[in-house]
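Features as listed in Swiss-Prot:
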- 10-15, 65-66, 87-91, TYR102, LYS162, HIS188, ARG193: NADP(+) binding site (BINDING)
- THR134: active site (ACT_SITE)
- GLU136: active site, nucleophile (ACT_SITE)
- TYR158: active site, nucleophile (ACT_SITE)
Amino acid sequence: MNKKVALITGITGQDGSYLAEFLLEKGYEVHGIKRRSSLFNTQRVDHLYKDPHEEDVNFKLHYGDLTDSSNLTRILAEVQPDEVYNLGAQSHVAVSFQSPEYTADVDAIGTLRLLEAIRFLGLTKKTKFYQASTSELYGLVQEIPQKETTPFYPRSPYAVAKMYAYWITINYRESYGIYACNGILFNHESPRRGETFVTRKITRGMANIAQGLEKCLFMGNLDALRDWGHAKDYVKMQWMMLQQDEPRDFVIATGVQYSVREFIDMSARELGIELEFVGKGVDEKAVVKSVIGTKAPAIKVGDIIVAVDPAYFRPAEVETLLGDPSLAKKELGWVPEITLQQMVSEMVASDLEQAQSHALLKKHGYNVNVSVE
């Protein structure tokens, strides 16, 4: 039996690296597209890499870019994938306000380029296509919780670009018979999450503060409510969506909601820190109420370690996101296995280990840059 061949865009990111691991364990030959830069930026997949001169190499990287249609067509022609997972994107909401045109080129037109390459190469009957969509499509939410039929109301250039990608995926499915589907992903995290995303900013920042590398964590909207899951659970669902008889779009979520404030509190407790939130709005702060154990030697009772900086507010806020994963459970039998508490514990432990290493370097006179935007 021939191995299935998968092509992943965004393979060096959080989801791409977990998906690559998952598919390799299932016996796939996995190809990934990465952008060329002066740095390799492959740390999330380095453990999967093998010398291409060896026999039976099942993991291969290709230089490519979602803004280059000829490049994408060449890679697809060479790889002839059974499954394409489009996880590559400019995925930071705040950055999309600063670089809206680039975000549209990558996230919207990049998806079109992949679908058109599949059509142009005559792969419409061979290749299945998964599009990583986003809960940001719901934006100014029209109903709670959000499900597959909830109307979209995007509130950022990122979300608008992703809405085009969502509909062009459906259009190519209906127009050309491509097995193409959207996974509407709610927030999903892990120790591999980018350091500028809110959850990783929190766990990394709290660990750094605990070790004396930072004084205070500056945040935006503490009242924002999100549905957070673990990326490992979500990439399994992405794979399951391409194993069905017919393509269908699904919400991928936990169905449970927490505030940014609660995520901060949970992260602090993993370090033995009890916080008290005082003040309101831009004047809200988190004060250390007690410290237990040895994980936070640099912190004392009364320290202010979290504050609000209005610079981190979005031009158009998304106040609440809560997904309804009941269709995925009913049709595919998918349920998330990792709880938020387990995920927070894993993320804090990983960031604490790094912070302790940086603190040791600093103690011995080395310069350590731990700034978080």
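Placement of Cβ uses the backbone N, Cα and C atoms for every residue, glycine included.
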Closest of the active-site residues to ASP65 (NADP(+) binding site), Cα to Cα, picking from THR134, GLU136, TYR158?
-> TYR158
Least Cβ-crowded entry, counting other Cβ within 10 Å, from the recorded positions listed as ASP65, GLU136 = ASP65
Other Cβ atoms within 10 Å is the metric here; tell me which of the binding-site residues GLY10, GLY13, GLY88 scores highest.
-> GLY88
Tell me, if you would, which residue among SER91, THR134, TYR158, HIS188 (recorded positions) has the fewest other CB atoms within 10 Å in the structure shown?
-> SER91
Spatial neighbours of TYR158 (active site, nucleophile) among the binding-site residues GLY10, GLY13, GLY88, HIS188 [C-alpha, 10 Å] = none
Which of the binding-site residues GLY10, GLY13, GLY88, HIS188 has its Cα nearest to the Cα of GLU136 (active site, nucleophile)?
-> HIS188
Secondary structure of GLU136 (active site, nucleophile) (DSSP, helix/strand/coil) | helix
Between THR134 (active site) and GLY10 (NADP(+) binding site), what C-alpha distance do you get in Å?
-> 15
